[in-house]
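Input: a single structure, listed below in structure tokens.
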Amino acid sequence: MTEARPIILTCGEPAGVGPELAPKALASGVPFVFLGDPRHLPEGTAWAEVTAPGEPVADGVLAVLRHDFPAPARPGQPDPANAPAVIEVIARAVDLAMSGAAGGICTLPINKEALKRGAGFGFPGHTEYLAHLAGDVPVVMMLASTTVQPPCRVVPVTIHIPLSEVPLALTPLRLEQAIRITDAAMRRDFGLAQPRLAIAGLNPHAGENGVMGDEEARWMAPLIERLRREGFDLRGPLPADTMFHPAARARYDAALCAYHDQALIPIKTLDFAGGVNITLGLPFVRTSPDHGTAFDIAGQGIADAESVIAALRMAHEMAARR
């Protein structure tokens, strides 16, 4: 691995816990720079303005790439006037990562409702917007544990849609694309020469030979067999309810799940505080803490930094492999 360039930590929604997490993230030991408005940081934060990632600052001082916002941060009360600046920060971070000035980005949480209300934000979330900024590349979301062994890494093949729509949205093309993106990312970003991927069935007991649904037998198993012949190390379709105990996780490196809760319930149960959100398929590294803006505790100084610290460390490790 090579020495990675600094990570950009975007400010996220300034009315959330992002501003108080930034100085706490110095405990990660990872070189990073905060991109946002320093006026939103907690009172007493030691910070120094830099003009480019990597400019030296004193130990224990937060390096800040300044991006001024039009309104102050009121904890728990997002201001629509700040929405355009939140979006600009994300785009600026992507420019820095794609130009090579930064090793990657770690994004603090945004509030989609506030962005839509204040700036007409037309994307479901960070992931889709980042894919758009990168040239509308196909991406998948991975959630990865950092404190449990064997690791739990999950990829929901369908994400933010009603459960009733999953059977139609889970297509052979979508699953194949997710397998290919995940396999490539596990090789490049996790250093695995032959990633082992487990594929969860859609139905209870993976359909139980068609008794509880036929998607597994009708098209999932044939797709998996075809990709095996190409050289992919795949197992499945597997019953999802027995995929996540320690002995099962030891048999694969990442699990592809049919829908949101099938993937996120196990990761959040096993490693709620230490989970990291990773976008696979981008031309740059992107991670984020696995939590939201937490308006209910914003500004109180009690937000747990474990997930953002884990996300920064993972971004740093991934960037060092690129």
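For all residues, glycine too, the Cβ spot is worked out from N, Cα and C.
Not measured: the values here are computed from a predicted model.
As written in Swiss-Prot, here are the features:
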- His126, Thr127, Lys268, Asn277, Arg286: substrate binding site (BINDING)
- His160, His205, His260: divalent metal cation binding site (BINDING)
Run through the Cβ atoms and count how many others sit within 10 Å of the one on His205 (divalent metal cation binding site). 16
Integer Cα-Cα distance in angstrom, Lys268 (substrate binding site) to His260 (divalent metal cation binding site): 12
Can you grab the distance from His126 (substrate binding site) over to His260 (divalent metal cation binding site)? Cα atoms, rounded to a whole Å. 16
By a 10 Å Cβ neighbour count, the lowest-scoring of the binding-site residues His126, His160, His260, Lys268, Arg286 is His160
If you count Cβ atoms within 10 Å of the Cβ of Thr127 (substrate binding site), leaving out that atom itself, what do you get? 23
Cα distance, Arg286 (substrate binding site) to His260 (divalent metal cation binding site), nearest Å? 20
Can you give the largest Cα to Cα distance in Å, as a whole number, for the residues His126, Thr127, Lys268, Asn277, Arg286 that bind substrate in the record? 20
In Å, rounded, how far does the Cα of Asn277 (substrate binding site) sit from the Cα of His160 (divalent metal cation binding site)? 15
The rounded CA-CA distance in Å from Thr127 (substrate binding site) to His205 (divalent metal cation binding site) is 31
Count of other CB atoms lying within 10 Å of the CB belonging to Asn277 (substrate binding site): 23
Rounded Cα-Cα span from Arg286 (substrate binding site) to His160 (divalent metal cation binding site), Å: 19
Cα-to-Cα gap, Arg286 (substrate binding site) vs His205 (divalent metal cation binding site), nearest whole Å: 34
